[in-house]
Amino acid sequence: KEGYPMGRDGCKISCVINNNFCKVECQAKWRQSDGYCYFWGLSCYCTNLPDDAQVRDSSTNKCGG
């Protein structure tokens, strides 16, 4: 599974071309995952996630910002 991790506010985690930052963010939530900064979205994107990982779903997004 893969997807955009959410911050405490329910929004995607922003980044500016910093793959290491996103890798740390993804691994803080899911230890065996990987992550990178998705350039076009300027948001962290996680890969190698467990099936039950909660990632952003545009149909149920409750982002405060």
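Glycine too: its Cβ is placed from the backbone N, Cα and C atoms.
Pulled from Swiss-Prot:
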type	residues	note
DISULFID	Cys11-Cys63	disulfide bond
DISULFID	Cys15-Cys37	disulfide bond
DISULFID	Cys22-Cys44	disulfide bond
DISULFID	Cys26-Cys46	disulfide bond
DOMAIN	1-64	domain 'LCN-type CS-alpha/beta'
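Annotated features taken from Swiss-Prot, shown on the structure.
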residue	record	Cβ contacts under 8 Å, 6 or more apart
Cys15	disulfide bond	Phe21, Cys22, Cys37, Tyr38, Leu42, Ser43, Cys44
Cys26	disulfide bond	Pro5, Ser33, Asp34, Gly35, Cys44, Cys46, Thr47, Leu49
Cys63	disulfide bond	Met6, Asp9, Gly10, Cys11, Lys12
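Highest local Cβ density among the disulfide-bonded residues Cys37, Cys46 belongs to Cys46, counted as other Cβ atoms within 10 Å over all protein chains shown.
Comparing the disulfide-bonded residues Cys11, Cys22, Cys44 on other C-beta atoms within 10 angstroms of each C-beta gives the minimum for Cys11.
Break the domain 'LCN-type CS-alpha/beta' (1-64) down by DSSP state and the numbers are 11 helix, 14 strand, 39 coil.
Model confidence over the domain 'LCN-type CS-alpha/beta' (1-64) is summarised by a mean pLDDT of 92.
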